[in-house]
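Undergrad: If you scroll down you'll find the structure; I have some questions about it.
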Amino acid sequence: MSTHGSLAHIGVVGLAVMGSNIARNLAHHGHRVAVFNRSHGKTEALIADHGHEGEFLPAQTIDEFVASLERPRRALIMVQAGAATDAVIEQLADRMDDGDIIIDGGNSLYTDTIRREKAMAARGLHFVGAGISGGEEGALNGPAIMPGGPAESYKHVGPLLESIAAVVDGTPCCTHIGPDGAGHFVKMVHNGIEYADMQVIGEAYHLLRYAAGMEPDAIARVFKKWNTGDLNSYLVEITAEVLAQKDAATGKPLVDVIVDAAGQKGTGRWTVKAALDLGIPVTGIGEAVFARALSGDLAQRRATVGNLPAGTLPGEVINSDKDRFIEDVRRALYASKLVAYAQGFDEIKAGSEEYGWNVDPRDLATIWRGGCIIRATFLNRITEAYDSDPGLASLLLDPYFNGEMTELVDSWRRVVVTATRMGLPIPVFASSLSYYDGLRAERLPACLIQGQRDYFGAHTYRRTDKDGSFHTLWNDDRREVEA
Ligand code: ATR
């Protein structure tokens, strides 16, 4: 540790796991870092355990912290989202001067970020809402960083943040996303996609286990192999690790002793809520969030397990052609994953239009290639897709992905049929296929819905053969009138 008279390049407030790892990462990259935590014990622990790793300026009080920053001051907040973040912003803002920069690196809701940016701008301060992904390990060794806020402030924080971000092919996984809430919005959708990605992997595991009757060890080997192909990704890699893990106490596969009730902190739910408001069908993410909710309601499951009729259709025997089934499941996973990403990118496009952010989808695919939880080889393909056509109506229309779908779709249908016959839940596989078929369909039953709406509420409908709005006089002589 060095505490000579020089000021710090940046300061970090909030030294729980994420905050202290980011502070260490900054120090490892040669930045002098002021550090402050509400309860001083965490600051002391950081200095005691890691002070030798770089130049830290520990502060006992928020005044001392702010005074130790060079100008324009840069303070990165890493505290709990919500009220704690608001409290720290106020403490900092009260002590800062024109042009100083507050960066919120927590998982804040983008509408809070929009509000805070406005309030800080009115006080002459820059406010940067930065999504940071990669968990504890990413925070320490290189996360993906999605900073929003004024373009001007990126000049002052961009190089610092880029220096600690993950790097893929020489490109840092950090770029200015757009004004005010853009960074946190994009991080939120990233987390939503992560939910869907984890759920489709879960569904694939469940099918290999309970349709094909494979043991976790064998399934781990399948995932390991899949990780060498199109599905190469951090999540597939760690899936193989988790499935291969044995419980020390019982000798059983660890997955078999873990309670099958999934937790959530809320960013998936936010993604779906925002999508509902924007009118964007993110069915994959939605089903993934609901699947966690279903799994988590243990009282309801205790009441329903064994008490709902399964029906009498005979199950399928997979043994006869297990290899084909495994390959079918791989393809169903890939197809469903593509749909989830296509939907996530649709939501980002809609959010960007709604709030005037001008988010470039290529930036996201580029910075998500490293550091973050959804890092995957196939993100390169997404960058290429938007490179060749920035106005792509759906990622699924990109010639490469379209070609992939040709290869995937028969397997996908077979898997959905098999799972359905066997009574195995595959909410994202099945709903993604329905979404896909919805996009393909020349006619949708929405025509009937419009008819019903016109019947009970005179909501009118448009005709396929001429312009205008029409209403049928349902309760009269059923003539059609122009509305
Ligand atoms: P993580 O998930 O990384 O463990 P978190 O729960 O998101 O962290 O945030 C915890 C951090 O927020 C801690 O640094 C905590 O400070 P204390 O160690 O003093 O508890 C900080 N924090 C929570 N509420 C705060 C508040 N109102 N003012 C300042 N800091 C606060």
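Cβ coordinates are placed from backbone N, Cα and C, and glycine is handled just like the others.
Since we're looking at a predicted model, the values are computed, not measured.
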Undergrad: Need a hand: TrEMBL gives Gly14, Leu15, Ala16, Val17, Met18, Gly19, Asn37, Arg38, Ser39, Val79, Gln80, Ala81 for NADP(+), which of Asn25, Asn107 is also on that list?
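TA: NADP(+) site check in TrEMBL: besides Gly14, Leu15, Ala16, Val17, Met18, Gly19, Asn37, Arg38, Ser39, Val79, Gln80, Ala81, the record includes Asn107 out of Asn25, Asn107.
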Undergrad: I need the most crowded of these recorded positions: Lys187, His190, Arg292, His459. Count other C-beta atoms within 10 angstroms of each C-beta and give me the top one.
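TA: That would be Lys187, with the highest Cβ count within 10 Å.
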Undergrad: If you measure from the Cα of Lys187 (active site, proton acceptor), which of the binding-site residues Gly14, Ala16, Met18, Ser39, Gly134 is the nearest?
TA: Gly134
Undergrad: Cβ under 6 Å from ligand 1: which of the binding-site residues Gly14, Ala16, Met18, Ser39, Tyr195 qualify?
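TA: The ones that qualify, in sequence order, are Gly14, Ala16, Met18, Ser39.
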Undergrad: If one measures from the C-alpha of Gly14 (NADP(+) binding site) to the C-alpha of Glu194 (active site, proton donor), what distance in angstrom results, rounded to a whole number?
TA: 25
Undergrad: Let's check the environment of Gly14 (NADP(+) binding site): how many other CB atoms sit within 10 Å of its CB?
TA: 24
Undergrad: Could you give the Cα-Cα distance between Gln80 (NADP(+) binding site) and Gly134 (substrate binding site), in whole Å?
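TA: Between the Cα atoms of Gln80 (NADP(+) binding site) and Gly134 (substrate binding site), the distance comes to 17 Å.
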